[in-house]
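Student: One structure follows; several queries about it will come next.
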Ligand SMILES: Cc1cc2nc3c(=O)[nH]c(=O)nc-3n(C[C@H](O)[C@H](O)[C@H](O)COP(=O)(O)O)c2cc1C
């Protein structure tokens, strides 16, 4: 449950900057049930009504439960942004991002650095919940385990958020230092689940429907949040629904290359519609090509050409060169995809770790765009 909304199956498409726009969400939503979160929006840009930001808050008419993620570091600005969401009926659910490990953000005390400043974190979440509840909007938070293994924050931050009245807490079970490397620590998710009464959502390394079942069995979480696993595989949401309804014996969707090509063409078409510009839509689609073709025997030249198209006709002509009968490569199942970068020391403002109870709003930590 998120507020009054039942999430069935208990699956959330993780917010991913540059990916989970209205086009990608439609492709995923068509596959199965769940909550499909929009790309992250910066609270300051929303409050300042930056046109590019307002355009990013786009939902299809048939999106029954419009889920929006906000990023903020200032309690007042965050509350103002949430009020704006309520006043203008921009979304049905708001999630706050405390997981971004990008150096330019943590260096200023934002994203995954922020929960360390526990009073400031508490103020942001309390004010946001207060603003959201005036409109009946459930508010959730998404965070990491902490800055690094010596500076973990997730249990304390989860309890603070629960006290503030959040509808659920999602944990990406990595530290900021880990970025996207190594394996997510599902034991930490179990620890958080035991510590909290509000629903806990587990995030990290769900590549297949079976992984979602394993995470639930291992941690007792109320739901799963799925990010990179669906890159180039929107049908993962069909697998997740099948896994949750049929159990471990579900049949995974294994599209042939011809079926994948049809989805690729549709994805590009939807992006062109969403961005209202063919060149721009096709350019945005390029980053998805390698994910869709992962593991399929497709030559380098054709792959490169597919990742450089500027029109839908050009894309479709190239897709027609793929052998439609090639079966889905089973060896790519269960494999990481998307970002898998190396760990890195977390850049923090001077003296950040020594002053947990300082609640001055960090300056310059509002980013234009993001990552989690
Ligand atoms: C390209 C990309 C963009 C992301 N952008 C965001 C974001 O805007 N907000 C956020 O909370 N997390 C963001 N994340 C993190 C994911 O939501 C998720 O927590 C992370 O990928 C771990 O889950 P996974 O193992 O299922 O991928 C992003 C991840 C990727 C790969």
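Just so you know, glycine gets a Cβ as well, placed from its N, Cα and C.
Grabbed the feature section from TrEMBL, which reads as follows:
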- 100: active site, proton donor (ACT_SITE)
- 15, 16, 17, 69, 142, 172, 227, 228: FMN binding site (BINDING)
- 360-372: compositional bias 'Acidic residues' (COMPBIAS)
- 13-318: domain 'DUS-like FMN-binding' (DOMAIN)
- 330-372: region 'Disordered' (REGION)
Student: What is the Cβ neighbour count of residue 69 (FMN binding site) at a 10 Å cut-off, with all protein chains included?
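Tutor: Other Cβ atoms found within 10 Å: 26.
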Student: Could you give the Cα-Cα distance between residue 69 (FMN binding site) and the residue listed as 'active site, proton donor', in whole Å?
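Tutor: That comes out at 12 Å between the alpha carbons.
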Student: For the region 'Disordered' (330-372), what does DSSP give as the number of helix, strand and coil residues?
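Tutor: The composition, in the requested order, is 6 helix, 0 strand, 37 coil.
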Student: Give the distance between the Cα atoms of residue 172 (FMN binding site) and residue 100 (active site, proton donor), rounded to the nearest whole Å.
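Tutor: If we compare the Cα positions of residue 172 (FMN binding site) and residue 100 (active site, proton donor), the gap is 10 Å.
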Student: Which has the fewest other Cβ atoms within 10 Å: 17, 100, the recorded positions listed?
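Tutor: Comparing Cβ neighbour counts within 10 Å for the recorded positions 17, 100 gives 17.
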Student: Same chain only, sequence gap of 6 or more: which residues have a CB within under 8 Å of the CB of residue 228 (FMN binding site)?
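Tutor: For residue 228 (FMN binding site), the qualifying residues are 16, 180, 207, 336, 337, 338, 339.
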Student: Can you give me the Cα-Cα distance between residue 15 (FMN binding site) and residue 100 (active site, proton donor) in Å, rounded to a whole number?
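Tutor: Per the Cα atoms, residue 15 (FMN binding site) and residue 100 (active site, proton donor) stand 11 Å apart.
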